[in-house]
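Visitor: Encoded as structure tokens, here's the structure I'll be asking about.
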Amino acid sequence: MSSFQMITSLFLLAMMVGASNAQLSATYYAKTCPNVSSIVRSVLRQAEQNDIWIFPKLVRLHFHDCFVHGCDASLLLNGTDSEKTATPNLSTDGYAVIDDIKTALEKACPRVVSCADILALAAQISVSLGGGPTWKVPLGRRDSRTAYREGTGTIPTGHESLAVIATLFKSMGLDSTDLVALSGVHTFGRARCAAFMDRLYNFNNVSGKIDPTLNGTYAKTLGQLCPKGGDVTSLIDLDEQTWLTFDNKYLLDLQNRRGLLQTDQELFSTKGAETVAIVNRFASSQSQFFNSFAKAMIKMGNINPLTGTNGEIRLDCRKIN
């Protein structure tokens, strides 16, 4: 989807977010599944033994789910028209662990916990286990009965300008502080070479041009890791320093022009942008970053959830009942 197409679709998204009057609650499962959080945490601790990257993978699933028609687990559905097979989601992973969590919860609390809430809880607990903040996750979402493949064009690609990405976030009810805080999730995890190679060889569609906001030494390092004509699916650490730890080091990377993704670096390198001061504040205070990230995750998790009698509680996260 082009920047123009993305912007023209945002009015509908804004209406959709504004129409959400969900009454989610952190105590939603207090009586029906009181051990829900501990069960999710137990499965995640086991999953980490098999995949050290599972925490950022699961946080990413929650992001990609919420940014398409709201936080309704539509991303998890299988099928020829599924969201997970659309281009923005081809690199997503962690679905098997979501299945494991669902299996464990169905044994403990049959037909109670939705897949949408599993995504939200898995994201929060993954951040916490990765060294980041904890927060009380509002719960009570229900699961969509359909996927929205056509809506996956609103998932950020990493190539957008600050103006486009800020407009997208605003349409979701997220402000500039939320934008910087949520972008800070890239403090852990990896990205494919394809997500940033244009910054090395073809910036702004100019052959041979390097993104001028990219640190020269860092650009050379990235060029060795992602050579022109090489494997675009190779994975590169988003944070050079602490790639498996959730901290504020990636904000420091931005100050040093060593942000891997264009959308992240523009938060700091766009002259006169209000996001510059926010990056500086978070880089100098991890506690402020953690606090704002938790608040932003709660706001994002409240994008157009299905509640009440809308949707369903799937028995299998990959298919409708």
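Keep in mind that glycine also has a Cβ here, set from the backbone N, Cα and C atoms.
When I checked TrEMBL for this same protein, it listed these features:
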SIGNAL    1-22  signal peptide
DOMAIN    23-321  domain 'Plant heme peroxidase family profile'
DISULFID  Cys33-Cys109  disulfide bond
SITE      Arg60  site 'Transition state stabilizer'
ACT_SITE  His64  active site, proton acceptor
BINDING   Asp65, Val68, Gly70, Asp72, Ser74, Glu83  Ca(2+) 1 binding site
DISULFID  Cys66-Cys71  disulfide bond
DISULFID  Cys115-Cys317  disulfide bond
BINDING   Pro156  substrate binding site
BINDING   His186  heme b binding site
BINDING   Thr187, Asp239, Thr242, Asp247  Ca(2+) 2 binding site
DISULFID  Cys193-Cys226  disulfide bond
Visitor: In whole Å, how far is Cys66 (disulfide bond) from Asp72 (Ca(2+) 1 binding site) when you measure between their Cα atoms?
Guide: 7
Visitor: Given a 10 Å Cβ-Cβ cut-off, pick out the one of the binding-site residues Gly70, Pro156 that has the most other Cβ atoms nearby.
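Guide: Output for this query is Gly70.
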Visitor: Among the binding-site residues listed here, Ser74, Thr187, Thr242, whose Cβ has the fewest other Cβ atoms inside 10 Å?
Guide: Thr242
Visitor: Would you count the other C-beta atoms found within 10 angstroms of the C-beta of Val68 (Ca(2+) 1 binding site) for me?
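Guide: Summing over all protein chains shown, Val68 (Ca(2+) 1 binding site) has 28 other Cβ atoms within 10 Å.
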Visitor: Using a Cβ cut-off under 8 Å and a sequence separation of 6 or more, which residues in the same chain sit near Glu83 (Ca(2+) 1 binding site)?
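Guide: Sequence-distant Cβ neighbours: His64, Val68, Ser74, Leu75, Leu77, Asn89, Ala147, Tyr148, Arg149, Gly151, Thr152.
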Visitor: Beyond Thr187, Asp239, Thr242, Asp247, what residues of that chain have CB atoms within 8 A of the centre of the Ca(2+) 2 site's CB atoms?
Guide: Phe188, Gln241, Trp243, Thr245, Phe246, Asn248, Lys249, Tyr250
Visitor: For Gly70 (Ca(2+) 1 binding site) and Cys226 (disulfide bond), what Cα-Cα distance in Å is obtained after rounding to a whole number?
Guide: 34
